[in-house]
Amino acid sequence: MQKKYADLLKTKCCKKSYEKLTALNNAGLFEFVRKYTELCNPDSVYVCDDSDQDREYIGNRALENAEERKLAIDGHTIHFDGYNDLARDKTSTKYLLPQGADLGDALNATDKETGLEEIHRYLKNIMAGKEMYVLFFSLGPTNSEFSISAVQITDSSYVAHSEYILYRRGYEQFKKIGNSKSFFRYVHSAGVLENGVSKNVDKRRVYVDLEDNIVYTVNTQYAGNTVGLKKLSLRLAIRKASQEGWLAEHMLIMGVHGLLRERITYFTGAFPSACGKTSTSMLKGESIVGDDLAYLRKKEGKIYAANVECGIFGIIQDVNPKDDPAIWKSLTSPGEVIFSNVLVTEKGVPYWLGDGREVPEKGSNYSGEWQKGKKDSQGNEITYSHKNARYTVSLYGLKNVDCQLDNPEGVWIKGIIYGGRDSSIWPPVQEAFNWTHGVITFGASLESETTAATLGKEGVRQFNPMSNLDFVSIPLGKYVAHHLKFIEGVPVPPTIFAVNYFQKTKTGKYLTAMEDKRVWVKWMELRVNHDVDAVKIPTGYIPRYADLKKLFREVLRKDYSEGEYAEQFTVKIKGNLEKIERIAEIYKTKITDAPDTLFKVLKEQKARLEESRAKYGDNVVPTVFL
Ligand code: OXD
Ligand code: MN
C-alpha cells in the first residue's frame, strides 16, 4: 500500500512537497491526496506548509497562471470570474444523501452514489496540464476549542491565494492531530480555462458529502463556490456543530464600544448575503472580529464566539470614503488585495459601483473588454462593475480590527442580531422578549428580498432562517430546535435583536440612512448593559424616542425628529400577521420536524398583534404603547 502511494505521489511531487505530506503522518490524508492526484491527473503537485515561502509561491503562481493580474497599487491584483460564474450557484449545490437519509424538502440534495459517480467523472483528468495545490488551514483560531483542521486540493492558484488571505495557516496544527480522521476536505477544479475563466460552467457542480466531510466543486471559479473553507465548510460545520452541541453560523462578530463608559460588548449578527453584514461589522467607532462566519460555544454558563476566518471576502458596491472609511483605506493603499469582477482601466486602476468617482469610458471587466453602453446578448446594458464584485483582504491590516480576533477562547457574546432586506414590515431595530421568542420570531422567521450574491432574480422576498438557509445541512426543524436548546445551562443568554436597514416609503425611498446603523448598534449596546428602558410592542421591545434622539445627536450629530421615529417604528400589524401566516405555513408544510414551540410562539405573537389591531387599527404608532 505504502509503495503504491509513494509511486504516484513521488512522481508528481517534488522531494520537498512529498516530505511535507509524509511528515503529517496521517494515512487518511495521504490516501485522500493520492486518490485525487490519480483521478485529476495534474502534471505536478505542490504541497504547502505554513512557511511564508509557500504563501509567496502561491501568490506568484496566481500571476504566472494569469488567474490574477497586477494593478497599479503595490500588492493589488484583479481576478475575473466568467460571465456566468459571478455568484453562488444554489441550484448546482447539493448534499450527497446516502440511502435512507432525508434532509427534508427545503434542502437541495441528490443520491450520494449517483452524485459521486457524476462528480468523479467530471474530475477525471481535469487537471491534466496543470499544477495541483495541497493546502492546510484552520477554521477558527489555531490550537483552540474552536479550531477545525482542513485540507484543500485545488488547481486554482486564485482559490489558494484567496485562502491564504482569508484563513489561518494550519499545517502545523495538522501535524498535531496525528492520524485523526477528524478534518474537513475539499477538492476543487476550475476545469478547462478559456480566456482565463472556467469554460464548462454548464457542468458546474458543488457536491457536499456530509458523511465523509468532503466537498467537491468543479467547473467554477467564483469564490463562494470554490473556496472550500468559506461556505462549503459552513455546511460541514453546521452538521458537526449539531452533533456536538455548538453553533456554526453565518454571522459577523463585532465589538460595540460603549458611549457611556470604556467598555466593549461583543455581538454576533446574521444577515443574508448583501444585506449589510460586512458594513455593520465595519461600523465607524466599533471593532471587527469577523464579517461572515462564526462558531459559537457554551462555556461556564456563557456563550463565546470566534471568527472562522481572518480576512474579508466583501462585496464592493457603494464602498466609499464616507460610508466605509476603513475598507476604503485598505482598498486604496498599498497592501495585499484581490479585487474580483470590478472594472480595471488600462492604467490598472479598479472602479466599482457607488465608489463616488467618475466612471471611465472603457476598461476590462467581467465581460471582457468593456466600453460605456456595452450590452449583453439579451440587449441588457452591462454595468462597469458587477453588483457582486468583491475584494479579498486580510483583517490584520485593518485599523479597526478587534484585539481579540485570535483569542483562542473567543469573545463573550452578549447580543445576537438578525437582519434581513425588508422593505415594509420590520422596524429599524427591535429586541426579543427572550431567547425563545428571538430565535423563533426573528431568527427562524427571517425573510429577505433576494440580491445579486446568488444567481437568480433579485428583489424576491424569501424565507431565510438565521440567514443560513443556503448552508443548513441538517433538517431545518432540527436546526431550529438546536438553537432553542443551545442556551440550556446559560443563566443569562445573549439578548436577541432584529434590525432592518431597508424599510422604504411607498414611493421607494429608504426610510433610514446607511449611517443610522451606528445608532441602532449603540442602542443595542445600552440595552444589553441595562442602561436604557424600552417600549413594549406586540413583536418585541423598541427604543424610546428620547434615547434615540440623544444617540442620533451623540453618534451622528444629527437631529432625529418625532416624525421620523413614528414613521420608522410604526407597527405594521397587517404585514406582521401575513408574515406569521407565511412562516407558519412553511414550517407546517415544508419542514416536517419543526418544534412545537415554534407554532406556540408564533400563535402568541399573532394574538398580541390581533389584540392591538382590534384596539388601534392596522398601523400603530409607537407612542400608543407607552
Ligand atoms: C458571502 C455570501 O460571500 O454570503 O459571504 O455570499
Ligand atoms: Mn456570507
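Cβ from N, Cα, C; glycine included.
Site annotation for GTP in TrEMBL covers ALA274, CYS275, GLY276, LYS277, THR278, SER279, ARG390, and the matching candidate from ARG239, ARG357, ARG421 is ARG421. Among LYS231, LYS302, LYS322, only LYS231 appears in TrEMBL as part of the Mn(2+) site alongside HIS250, ASP292. When TrEMBL records TYR222, ALA223, GLY224, SER273, ASN388, ALA389, ARG390 as binding substrate, the matching candidate from ARG69, ARG88, ARG527 it lists for that site is ARG88.
Comparing the recorded positions ALA274, CYS275, ALA389 on other C-beta atoms within 10 angstroms of each C-beta gives the minimum for ALA274. Around LYS277 (GTP binding site), taking its Cβ as the centre, 24 other Cβ atoms fall within 10 Å, counting all chains. Comparing CA positions across the recorded positions ALA223, CYS275, ASN388, ARG390, the one lying closest to ARG421 (GTP binding site) turns out to be CYS275. Close contacts with ligand 1, defined as a Cβ under 6 Å from any of its atoms, occur at GLY224, SER273, ASP292 among the recorded positions GLY224, SER273, CYS275, ASP292, ARG421. SER273, ASP292 are the binding-site residues among ARG88, TYR222, SER273, ALA274, ASP292 whose C-beta comes within less than 6 Å of an atom of ligand 2, given in sequence order.
Across the fold, the C-alpha of ALA389 (substrate binding site) and the C-alpha of ALA274 (GTP binding site) stand 11 Å from each other.
For the pair LYS277 (GTP binding site) and ASN388 (substrate binding site), the C-alpha distance works out to 14 angstrom.
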